[in-house]
Amino acid sequence: MKKYRIIVFGCQMNEHDSEVLAGILESMGYCQAGNSEDPDIILINTCCVRKTAENKVFSLLGRLRRQKAQNPNLIIGVCGCMPQQEGMAERIKQLFPHVDLIFGTHNVHQLPELIGKVIEGQKQVLEIWPGYGGELREELPVKRKEGVRAWVTIMYGCNNFCTYCIVPYVRGREKSRSPEAVYEEVARLAGEGFKEVILLGQNVNSYGKDLGVKTDFASLLESLENIDGIDRIRYMTSHPRDFSLRLVEAIAASKKVCEHFHLPVQAGSNRILKKMNRGYTREEYVDLIRYIKSLIPHATVTTDIMVGFPGETDEDFNDTLDLVREIRFDSAYTFVYNIRPGTPAAEMPDQVAENVKKERIQALIKLQNKISLERNEEEVGQTQEVLVEGEKDRGSGFIYGRNRGNKTVIFSGDPSLVGKVVPVTVTGARLAHLTGILSYNYHQEGSR
């Protein structure tokens, strides 16, 4: 049997797209190659949000040159967001003639046809669709990893056009799946034994706007609440501008939607937020967080923060630090701005010097790490619901899972608890996780 290997860069959307690629390949008779096995086909699912990810892809393609020379029948494919960028597919063809297949984000369903062309002898098969205006394809197979959590894409694309972001150009405009299709998939996952679903989209808060029917993200969450077997519902990613008060209220009323709000703020300076085209002010963001906390005092709030956006001054950066102190995020994904060709920010004057970016990111990380540890320490003594996901290390006697705030909790327990929601009393706090003990009043036969 022929074997495949998929190498993934980037976000959860790419991870789930790779599950679809795997499903298609297995429907064609391929099986996944083990770590020590040589595959017959390698697909590299790429990301272009950061230059770092692109550099890693180029480095990998360079290393695969030797493997291709040793096995000329090996099929090497590049897919995902990178080839969707203007001129990138041709660049890959020229730099890496050993790449057999290049396709984008809109035509994954063509994979069998494209592989067939390679097998027939066509060189460097290229198929990039600049956009996709047709119906979403619901029939594609999915090969999910075993576990208790499953990703479910509810929409594709983004209409926001933040000035630094390449996503709308490579993922296209927003297009929502029907609520019926989402409901059916989640119900099927419940029947397969999954306990948690993570709803995916570049901006889930815009769900339904393009459907022409009276539905929105809050309504979708309310409908999924009724599916037996699913204990938890999460979602990503959200845009603060589109996060409605009704959505906050729906989450507060839900028993299954987790109280974790990931709301990328990006900057604390109104001047920079405007240049980024984020569509909200610092004050509006703070008001949203306050409303969330007023309804859900124990909510976990996390964020993304960028430093070094073009024109960012010391005063602008200090505004960001002040916001971090004010909100006290549970955690933050912090990163340095880098130029994405084709975006408005790439052409902006006053690009910030690299040494200044480095100083600022270090100061931000130091502050946020201090706050993150303090926020975790505040949870010591609490008894929390933890969905057990697996063993920490095989035979170690420790298992791990996530609480409703999406924080990892490590505690002593039997692997038979995987897939169950159990009460854990938090006894310790680290920067990246909590430690605890299984609550004394837990009875295995009563667990969910």
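Think of each number as a place in line: the chain as shown, counted from 1.
Even glycines carry a Cβ here, placed using N, Cα and C.
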Request  = Look at the [4Fe-4S] cluster 1 binding annotation in Swiss-Prot, where C47, C81 are given, and name the residue from C11, C158 listed for that site too.
outcome  = C11
Key: Under 8 Å by Cβ from C47 ([4Fe-4S] cluster 1 binding site), same chain, sequence gap 6 or more   = F9, G10, C11, N14, A53, E54, V57, G80, C81, M82
Request  = Give the sequence-ordered list of residues that share a chain with C158 ([4Fe-4S] cluster 2 binding site), lie 6 or more positions from it, and have CB atoms under 8 Å from its CB.
outcome  = C165, V167, P168, R171, R173, E174, Q202, N203, S206
Key: Helix-strand-coil residue split for the domain 'MTTase N-terminal' (2-120), DSSP-based   = 59 helix, 23 strand, 37 coil
Message = Counting Cβ atoms within 10 Å of each candidate's own Cβ, which of the binding-site residues C11, C81, C162, C165 comes out highest?
response = C81
Query = Which residues, in sequence order, are found in the same chain with Cβ within 8 Å of the centroid defined by the Cβ atoms of C158, C162, C165 at the [4Fe-4S] cluster 2 site, excluding those residues themselves?
reply = N160, F161, Y164, I166, V167, P168, Q202
